[in-house]
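K.L.:
Below: one structure in structure tokens.
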Amino acid sequence: MPVPGPGYSITVRLEAPPSASAAGDLTSAVGHAGGVITAFDVVESHGDRVVIDLTCNALSANHAKDITDTLETLPGIVVRKVSDRTFLVHLGGKIEVTSKVPLRNRDDLSRAYTPGVARVCQAIAENPEDARRLTIKRNTVAVVTDGSAVLGLGNIGPAAALPVMEGKAALFKKFAGVDAWPICLDTQDTEEIIRTVQILAPVYGGINLEDIAAPRCFEIEARLREMLDIPVFHDDQHGTAIVVVAALRNALRVVEKDIKDCKIVVCGAGAAGSAIIRLLLQQTPGDVIAVDVEGIVHRDRENMDVNLKSIAERTNKKNVKGRLHDALVGADVFIGVSAPNLFGAEQVATMNSDAIVFALANPDPEIDPMEAQKHAAVVATGRSDFPNQINNVLAFPGVFRGLLDAHARTITDAMLLAAANAIADVVTPDQLNASFIVPSVFDATVAGAVAEAVRKEAAAAKV
Ligand SMILES: NC(=O)c1ccc[n+]([C@@H]2O[C@H](COP(=O)([O-])OP(=O)(O)OC[C@H]3O[C@@H](n4cnc5c(N)ncnc54)[C@H](O)[C@@H]3O)[C@@H](O)[C@H]2O)c1
């Protein structure tokens, strides 16, 4: 059951009588309306009234309105203003550029800007590699989207995607000190996107593609990887794959199974599913069965695109056919990156003993995690209100930190796997259990561990 959370948090500024009972009346009213009070501040006090900022979490925008309406009906209460705290956080945007150098006088100016800067420009013109040493390229990543597959919201366009990209940039900085900048493109044409990223690439040390719909995202990433001398990483694909593989490694430790003996069902063969399958196959699992909206992916299926054909070639050893429920029978692992509510506890019961279920469709998973728990030994979701949250934040900051530090020109599957292993290893044997297979997103050691693993792998591969 959903609970009121900070995503729908409001601050209600109201006037109340200066009586002893006013505070109790207000808090009871919010409680009865189903809200959760998180702060109660008296901001003004007068002989005849007090002004209070009442902050509470709600379930939805409508629920927040219901709470405010309830407060307004209390005797003597005047609601002055209601602020949506989520919108307040976004006012004017969430990131900014600041100067790293002092600009106090002519001396500073002459070195940071003209005339001194000209010599630095000439040095880079003579040796372009110096751009990685002498400019922001050293530490800057472009977060590029066309706004075509934003969160669970779909194709909402580039301007509406910007709050997500700003948030991503803020996370890059917070967790790994990477300067990331949002680039929201007003085109959804594959060729235009590729060309645009190509011509803006000189400024950046890496390209993070974000929320670009499949199958376009596959071609864009592959072609940019070929043409650019900086790493290109589609987070919805590889960030997800890294964290899923990390979580699976630890889940298998919990149930004491070897991936080489496991039948793994991956439901969803889009952006996330394809990349998960690719990384899983690096570890030679017993078998992988891919399932999409048309059912099990097999070699005799008709009308498959390039991506599905490639998956069909590399998975499903016995070339089995059927639907998701058929695939689940005897499976050790289910990984869902597809659609909500596809199966129930009775299908989990048909899986192998000590089943592992990762139901990651957002916001509603493929199976209610409480149902999955009835028969599965380990359950993970993409949700923050349930244990074992599969969250890309565990991967992308450290991955780019490592790539930038290594001056990497590309990114390889070996680096993705190294990142996955590093995340898994942050969970110590003492901490590991069915409810703790991945570290917290706020574990400050994760990004450093991932960065170090990626940097080492890049140095070893000399890429
Ligand atoms: N960290 C996370 O938790 C995380 C990360 C990435 C994606 N996701 C979630 O995974 C889902 C897929 O994301 P994506 O970017 O890969 O999307 P996508 O559109 O690229 O791919 C969706 C895939 O799901 C399949 N599918 C749709 N309905 C289905 C059904 N009824 N039965 C079986 N397969 C079905 C489609 O055929 C397609 O292969 C989304 O809900 C997304 O939010 C979660």
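Including glycine, each Cβ sits where the backbone N, Cα and C put it.
Per TrEMBL, the features are:
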DOMAIN    92-225  domain 'Malic enzyme N-terminal'
ACT_SITE  Tyr113  active site, proton donor
ACT_SITE  Lys168  active site, proton acceptor
BINDING   Glu210, Asp211, Asp236  divalent metal cation binding site
DOMAIN    237-459  domain 'Malic enzyme NAD-binding'
BINDING   Asn362, Asn391  (S)-malate binding site
K.L.:
Among Lys168, Glu210, Asp211, Asp236, Asn362, the recorded positions in the record, which have a C-beta under 6 A from ligand 1?
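P.N.:
Among the recorded positions listed, those whose Cβ sits under 6 Å from ligand 1 are Asp236, Asn362.
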K.L.:
By DSSP, what is the split of the domain 'Malic enzyme N-terminal' (92-225) into helix, strand and coil residues?
P.N.:
71 helix, 18 strand, 45 coil
K.L.:
Reported as an integer number of Å, what is the Cα distance between Glu210 (divalent metal cation binding site) and Lys168 (active site, proton acceptor)?
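P.N.:
Answer for this pair: 9 Å between alpha carbons.
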K.L.:
Including all protein chains displayed, how many Cβ atoms other than that of Asp236 (divalent metal cation binding site) lie within 10 Å of its Cβ?
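P.N.:
Excluding its own Cβ, Asp236 (divalent metal cation binding site) sees 22 Cβ atoms within 10 Å.
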K.L.:
Sort out the sequence-distant neighbours of Asn391 ((S)-malate binding site) for me: same chain, 6+ apart, CB within less than 8 Å of its CB, listed by position.
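P.N.:
Listed in sequence order, they are Val243, Gly382, Ser384, Val438, Val441.
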K.L.:
From the Cα of Asn362 ((S)-malate binding site) across to the Cα of Lys168 (active site, proton acceptor), what is the distance in angstrom?
P.N.:
18
K.L.:
I'd like to know which of these recorded positions, Lys168, Glu210, Asn362, is least surrounded, judged by other CB atoms within 10 A.
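P.N.:
Checked Lys168, Glu210, Asn362; of these recorded positions, fewest Cβ neighbours within 10 Å: Asn362.
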K.L.:
Relative to the Cβ position of Asp211 (divalent metal cation binding site), how many further Cβ atoms are located within 10 Å?
P.N.:
27
K.L.:
Between the Cα atoms of Asp236 (divalent metal cation binding site) and Asn362 ((S)-malate binding site), what distance do you get, rounded to the nearest Å?
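P.N.:
Computed Cα spacing between Asp236 (divalent metal cation binding site) and Asn362 ((S)-malate binding site) is 13 Å.
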K.L.:
Starting from the Cβ centroid of Glu210, Asp211, Asp236, which together make up the recorded divalent metal cation site, report each further residue of the same chain whose Cβ lies within 8 Å of that point, ordered by sequence.
P.N.:
Thr145, Ala149, Val150, Leu209, Ile212, Cys217, His234, Asp235, Ala271
K.L.:
Any idea what DSSP makes of Asn391 ((S)-malate binding site), helix, strand or coil?
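P.N.:
Coil, per DSSP.
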